[in-house]
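Structure first, then comments.
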Amino acid sequence: MGNGMCSRKQKRIFQTLLLLTVVFGFLYGAMLYYELQTQLRKAEAVALKYQQHQESLSAQLQVVYEHRSRLEKSLQKERLEHKKAKEDFLVYKLEAQETLNKGRQDSNSRYSALNVQHQMLKSQHEELKKQHSDLEEEHRKQGEDFSRTFNDHKQKYLQLQQEKEQELSKLKETVYNLREENRQLRKAHQDIHTQLQDVKQQHKNLLSEHEQLVVTLEDHKSALAAAQTQVAEYKQLKDTLNRIPSLRKPDPAEQQNVTQVAHSPQGYNTAREKPTREVQEVSRNNDVWQNHEAVPGRAEDTKLYAPTHKEAEFQAPPEPIQQEVERREPEEHQVEEEHRKALEEEEMEQVGQAEHLEEEHDPSPEEQDREWKEQHEQREAANLLEGHARAEVYPSAKPMIKFQSPYEEQLEQQRLAVQQVEEAQQLREHQEALHQQRLQGHLLRQQEQQQQQVAREMALQRQAELEEGRPQHQEQLRQQAHYDAMDNDIVQGAEDQGIQGEEGAYERDNQHQDEAEGDPGNRHEPREQGPREADPESEADRAAVEDINPADDPNNQGEDEFEEAEQVREENLPDENEEQKQSNQKQENTEVEEHLVMAGNPDQQEDNVDEQYQEEAEEEVQEDLTEEKKRELEHNAEETYGENDENTDDKNNDGEEQEVRDDNRPKGREEHYEEEEEEEEDGAAVAEKSHRRAEM
């Protein structure tokens, strides 16, 4: 049994081992097959790569062979072209040698001709050198003469300038003194005007108070008449009571009527006093009024309640009531006098406050008139309210009148005080707003004036630049024409024309001087006609250059044309002077008409006086600006004077005719320098007048 069991176990083990070996063998075979397959695939891929590489190499070899064949063909073509080019070059070389030989022969012939011409020009140059030396000597002599005359004129100019500066300083002092006097007079006039307005307002207030007092007196009279009628009725009732002995003891209703009759004057007076206290705002008078009215009221109460206790007193006559009424009249007069005093004190306080506000804010007369009108309207409104209060308090002469307590009166007074403070604050704010508006307007005007001044200065600078550029251009043209004349060998004709030009320029300068001396109306030309009149010296220089330069040109043969142009210009001068005179006459006529209109309307005169007070500062600013303009113009005149002198020195090198012209021009300018200053001053005065007229 044991062996059988062992054999079985060994079989099983053997079987399992066999199975394992089979399995492992199968797995090993599979792995070998897989590796062989992979190696086969790699070998196929390598074979494909080599095959493709071989194909590409064969294609490249074919391309190389084709390119080689093409290069061989192109090389053959280039060899043929090179042979042709070599043959053409040999032909061109022969032709070039022939042309060079011809050019050398031509240049030699030209050189010989130019050499001959050069010798001729040398001889001409030597002749011109001699003429130039002669002209230099003449120029030196004339330069010495010119320097002497220039120094003399400069000394005269400095002397005249010093004299004019002294005169101008004196005139400035006189103008300053006159302005100070004018300011003082205007201040005095303004103070008197304000005082007059205050007095007028006080007079109006007093008239209104007088009317109010008349109304109160009439009301008191009507109340007294009503009281007298009630007293008469009371007498009749008393007589009837005395006649009927059974009605000695009065009814309570009659007793109430009696007390109402007794208290009616007191209630009426208190009600009458209430609106006056609301308008006048005087607290102390209320206490006085109540003190005056309290004692008679108590006496009447005691005397009127007495008949209820004793019948004998009803038989007495009503004399105590009349005595009380008579006593009350002087007390009412005293109260009215106290009211008047209080009103006067309040008016004085208001006047003092107004003066204080005027000193702080310094309002204009127009603002004061506006404030007074507003105050007058407020007072009229208060009077209307008072009239409505009267109508509401006692619409008829009834005995029952509502009495106002002291607490309510105090509240009413506080309310009125707050209202007055608010109104005063509103007035101050309104005044400040008006003052700021005026300041803004003044600043805007100053800015506009500055902008206008800058624009004028820019225009003057542009004009000066143009005037400086024109003479240089003309001088260049003149020099070019002079050299052309020298090239054309017409030196002798140029000298003759230069002499004629000198004579014509001298005559024209004399004519200009005669016209300037014989035409004094041109001094008063307005300054604001255009930017050209702002710089008269530069304009005169430009006119002289335009008139003289074309005639001085040595190549210019048209003397007749220049003479005709001068005649036309001289004929046009009287027409321009007539137009200027007509414009001045029109301005004077407009000023006379405005003066007449202002004289015929007194309200307009007062308004103009107020506007003059406001325009003082603007006029001072304008005068300062005009003075600065004058200084700038004088400085520009001096600079242009020096530049013109330098230009004359440069122009003397061109010929004798230019020296004569440059000598005459500064002389004429120095002679007319005073006239130009007067024209500038007159123009500034006319500009100020026109500006004032525009503002008016």
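The backbone N, Cα and C atoms fix where each Cβ goes, glycine too.
What Swiss-Prot lists as N-myristoyl glycine is Gly2, and the listing cites experimental evidence. The topological domain 'Lumenal' annotation in Swiss-Prot covers 34-696, and the record cites sequence analysis as its basis. According to Swiss-Prot, the feature coiled coil maps to 35-244, an assignment based on sequence analysis. Feature annotation from Swiss-Prot assigns region 'Golgi targeting' to 38-107, 176-248. Summarising the annotation, Swiss-Prot assigns region 'Endosome targeting' to 80-175. If you look up Swiss-Prot, you'll see Asn257 marked as N-linked glycosylation site, on the strength of sequence analysis. Summarising the annotation, Swiss-Prot assigns phosphoserine to Ser364, Ser538 and lists a large-scale study or a structure entry as the type of evidence. According to Swiss-Prot, the compositional bias 'Low complexity' annotation covers 436-453. Under the heading phosphotyrosine, Swiss-Prot lists Tyr613, Tyr673. The feature phosphothreonine is assigned by Swiss-Prot to Thr626, with a large-scale study or a structure entry given as support.
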**Complete:** Residues in the region 'Endosome targeting' (80-175) per DSSP class, helix first, strand next, coil last, are 96 helix, 0 strand, 0 coil
**Prompt:** Near Thr626 (phosphothreonine), how many other Cβ atoms are within 10 Å of its Cβ?
**Reply:** 19
**Request:** Report the DSSP secondary-structure composition of the region 'Golgi targeting' (176-248) as helix, strand and coil residue counts.
**Result:** 71 helix, 0 strand, 2 coil
**Asked** When the pLDDT values for the coiled coil (35-244) are averaged, what is the result?
**Response** 92
**Request:** Go ahead and report the DSSP secondary structure tallies for the compositional bias 'Low complexity' (436-453): helix first, then strand, then coil.
**Result:** 18 helix, 0 strand, 0 coil
